[in-house]
Amino acid sequence: MRFIDKAKIHVKAGDGGNGCVAFRREKYVRMGGPSGGNGGKGGDVIIMADKSLKTLMDFRYKKHFKAENGQHGSGNNRHGRNGKDLIIKVPVGTVVKDAETGEILADLIYDGQKVVVAKGGRGGRGNAAFKTSTNQAPDYAEEGQPGEERWIELELKLIADIGIIGFPNAGKSTLISVLSKAKPKIADYPFTTLTPVLGVLQLDYGKSVVIADIPGLIEGASKGAGLGHEFLRHIERTKALIHMIDISDQRERDPIEAFEIINKELEKYSPELVKKPQIVVGNKIDMLSDRSLIEKLKKEFSKRGYPFVAVSLVTKEGLDQLIKLIAEVYEKISEKELIK
């Protein structure tokens, strides 16, 4: 599934209804008293998080949203009805910004959370509201105020339990297609995956783990190299990381060096990112001529405090061990969240 993680929309709140100029037509009431009602308030535009939504895809096709206007006042002191609020639903995890100023208006992190992004205009007062002891028959009323309008930027921080990181072509897309039903486009060149892909790994005991294939990082990503900032943004809300390394050709890049380069980019972007639990996965062992490398890497990463598993996504070797490790890490994360 292709994820669109940014959208720009225009919102316009409803205008307030106009106040009415009217007079009573009653017998024995000299000149008739003022009876113009007030206009109704315009509807607000509200953005609300909805857990059933997963993407910002709908905003590709519809970019303009307008709430209902307030109705005008009328005679016999009848006030206009308020305009209905317009509720725009977005996925949980959406950050709402003012597109012009960049100000964050809300970070919608739980289901049902709302933010008013454009307030409806106030209704105008009818002439009955202007009656005074010195002006018994005012012949004027107020117009309703226009509703607020502005451009809004929506940014979806992909919410997944575990993110798969690594250099382009480390095998991340293949892993997510093997672990889940997702079928990302896979080809043998860097930056094949240009948008994050979500996959779901079903565990034996009925639970499921949402895994995000984060597009390949490169050296300099924290400074915006390649599509660095776009990619790093997606990692922030994952609870743990699968760090994939291609160990088939050490002449091209040393596995330890590859691991350190990516981790340095994470740390430069946000020191919190490198504190996340990481499972290191050495991929493409079916292409290894010397398998002693697997034990060496296992010991090296163990010293650094990271679990290591070697796999071949072609032959499926090591996959069961990896799934078991993912389940263990997920359980630890879940236990910590329960304690919190």
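Note that Cβ sites are derived from N, Cα and C of the backbone, with glycine treated the same way.
Feature annotations, courtesy of Swiss-Prot:
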| type | residues | note |
| --- | --- | --- |
| BINDING | 166-173, 191-195, 213-216, 283-286, 312-314 | GTP binding site |
| BINDING | SER173, THR193 | Mg(2+) binding site |
| DOMAIN | 1-159 | domain 'Obg' |
| DOMAIN | 160-331 | domain 'OBG-type G' |
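This view paints the features noted in Swiss-Prot onto the structure.
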| residue | record | Cβ within 10 Å |
| --- | --- | --- |
| GLY166 | GTP binding site | 24 |
| ASN169 | GTP binding site | 19 |
| LYS172 | GTP binding site | 31 |
| SER173 | Mg(2+) binding site | 25 |
| LYS284 | GTP binding site | 21 |
| SER312 | GTP binding site | 18 |
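Secondary structure at LYS172 (GTP binding site), taken from DSSP and collapsed to helix, strand or coil, is helix. Here SER173 (Mg(2+) binding site) is positioned 13 angstrom away from SER312 (GTP binding site), judged by their C-alpha atoms. The average pLDDT for the domain 'OBG-type G' (160-331) in the predicted structure is 78. The two recorded residues, SER173 (Mg(2+) binding site) and LYS284 (GTP binding site), show a Cα separation of 13 Å. In three-state terms derived from DSSP, LYS284 (GTP binding site) belongs to neither a helical nor a strand segment and is classed as coil.
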